[in-house]
Amino acid sequence: MKMESDSGTAAAEEDYVGEKFDRAAESAGDEDEIVESDLELDGGELVVPDDDDPPQKMGDPSVAVSDESRDAAQACKAKAIDAVSEGKLDEAVEHLSEAILLNPTSAILYATRASVFVKLKKPNAAIRDADEALQINPDSAKGYKSRGMAKAMLGRWEEAAKDLHLASKLDFDEEIDSVLKKVEPNVQKIEAHRRKYERLRKEREMKKAQLERQRRRAEAEAAYERAKKEQTARSKASDPEVNDPAAAAALQDGNVISIHSSSELETKFRAASNLSRLVILYFTATWCGPCRFMAPLYKSLAEKHPRIVFLKVDIDELGDVAHRWNVNSVPTFFFVKNGKEIDKVVGADKNGLERKIALHAGESENQVEEEPVEHAPGE
């Protein structure tokens, strides 16, 4: 029940972490929702209302133009220029329209009419003519100039600047320069405004991405902690020492335990068996010189291997126990697992004792048991 409780708590913590970062991401999205501020631009004197007149007459580019038609078109153009000089702009448009119908392949006629529409503050009409002029002649400086000025009238500052710069490269004049001086400050403001909000949007996306990375990392950490708690709970549930604390306490980890009775020896064996511990049973005597030599080593080995049970029996004190284990000389070390002898070392063989401990300690830790040797004293 404790394991299920821990698992449930860890799962709840993991869900909480996910919900916490989801709320943080939503909050970041709400708080950082970018609303662009109004952009204050100059050059208002250039801007005019949209003209909504019907489209002007355009020529048929597929018509074959004769020399007579070209000459007549030039005559109409001359009349238009005179009309412009007299301020008769509508009349100039009529003459140019007639010239375009006579010679629809002339870019300069469309560009000239576009310039008149600019003077009439009819930017959309001017753009239509400038487009036609540039389609016929992509290098028409007058076409770019008229279209750039018309776009400035519509507040299309960036497009206007582009056309005016092209016109200036093809055929610079002071009028273009004058208009550019009013257009370019607005273009710079627009570009700065755009960069600002692009940066803000990028920062917002980076913040969201960071929150998402933090959320995933937190969820992974929560999942790891959950798995670790579950593993710990399973280990505790399967650990005999947790289930039998009295046996664990009786074995005095890291110490050599002196045995003073047969019943005490059996108690230690049972406790070791309950905990699947390896036991080393050391028979010694106070008068034994080799035993005195091995005693400090035995003590240090007990400290080094706290999961092994180190027992000591004085053969003069417990002769009957020594007799049952067929002890013929001291020191003698029996290796015991689940109450059965699995190996032994006879004599003050320091290296042999250490090798046997290394061998059986490793097997014990990996829960690998050799087939036990039936011990004669039990028969």
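Heads up, the Cβ atoms here are built off N, Cα and C, so glycines get one too.
Taken from TrEMBL as is:
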{"type": "REGION", "residues": "1-71", "note": "region 'Disordered'"}
{"type": "COMPBIAS", "residues": "28-53", "note": "compositional bias 'Acidic residues'"}
{"type": "REPEAT", "residues": "107-140", "note": "repeat 'TPR'"}
{"type": "REGION", "residues": "204-243", "note": "region 'Disordered'"}
{"type": "COMPBIAS", "residues": "204-239", "note": "compositional bias 'Basic and acidic residues'"}
{"type": "DOMAIN", "residues": "238-362", "note": "domain 'Thioredoxin'"}
{"type": "REGION", "residues": "359-379", "note": "region 'Disordered'"}
Residue distribution over DSSP helix, strand and coil in the repeat 'TPR' (107-140): 27 helix, 0 strand, 7 coil
Helix, strand and coil totals (DSSP H, G, I; E, B; other) for the compositional bias 'Basic and acidic residues' (204-239): 35 helix, 0 strand, 1 coil
